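Here is the structure we will look at, set down as structure tokens.
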Amino acid sequence: GILSTVRATREASFENLYDKSKKLLDYMLLHGVTTVEAKSGYGLDWETEKRQLDVVGALDRDHDIDLVSTFMAAHAVPPEYKGRSQEYLELIVEEMLPRVKAENLAEFCDIFCEKGVFTADESRYLLSKAKEMGFKLRIHADEMESIGGVDVAAELGATSAEHLMMATDEGIRKMAEAKVIGNLLPATTFSLMEDTYAPARKMLEAGMAITLTTDSNPGSCPTANLQFVMQLGCFMCALTPVEVLNAVTINAAYSVNRQDKIGSFDTGKQADITILDAKNIDYPLYFFATNLTHQVYKAGKLVVDQGRIV
């Protein structure tokens, strides 16, 4: 679980985290990914949270993939604050968030709003303070139960809400009205062997924009294969091929606040292009469990060619 990974991350050096993360990014690049949102959240103390964010910054400079950083110290309540979740959030607000902002370590702030983790009121408290400091907002909500996280997302104008397997019709309506993007993580549902996938069709019918993302993490979703996630979007979320492609291109660009730079072929945008070995738009979602990437271009430069990083 999360706390097991927290223990391992606290013991890991910068170099160890960098090397492991670089391997994941290489794998993603080989599968056609050119921009990644990376979250902290496996430290739950300042030293380790900063180390994770420093790794993200270093890899953003060093790797062909562009990284967008999210600060998520509110991923869980650390063992040393067990039973004192509000006190831990106050520590984040008073000590961690100002330092993250001062050192420009992250663009977004996220929290896990779920029964047994943080309540809707606690999530509102943290995200309101983060918004005042100039952070863009995300929230993990409605993964196992609907406890008001999507209401917080709508009230505060969050860029996105993640998971949403248990989203209600009313919650979907509120998110659609507030233009909250639904970041759907079907590989997590698959990995946990759950039956309920996010109601993607209801979201689209309500006017929500959605993305499909890997949720790559060592606990609940140990995959970095976006093509597999796209296939789950078709098979388990009833999305069409065009809807899937929108979810991993222009909608994803909006979710990381890069819509003016990436996500579509437009004059003035960066030429991030993935060419698949596929005869039509349907084929990558029909021929599953295979990497179909032929070439990847980052800002117009060839970075992957026939299964190898250039």
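Cβ coordinates are placed from backbone N, Cα and C, and glycine is handled just like the others.
Per Swiss-Prot, the candidate among Tyr18, Tyr27, Tyr42 that belongs to the N-formimidoyl-L-glutamate site alongside Asn217, Gly219 is Tyr42. A straight line from the CA of Asn217 (N-formimidoyl-L-glutamate binding site) to the CA of His140 (Zn(2+) binding site) spans 14 Å. Binding residues for N-formimidoyl-L-glutamate (Tyr42, Asn217, Gly219) extend across at most 11 Å, taking the greatest CA-CA distance.
Here is what falls inside 10 Å of the CA of His75 (4-imidazolone-5-propanoate binding site) among the binding-site residues His140, Asp215, Gly219: His140.
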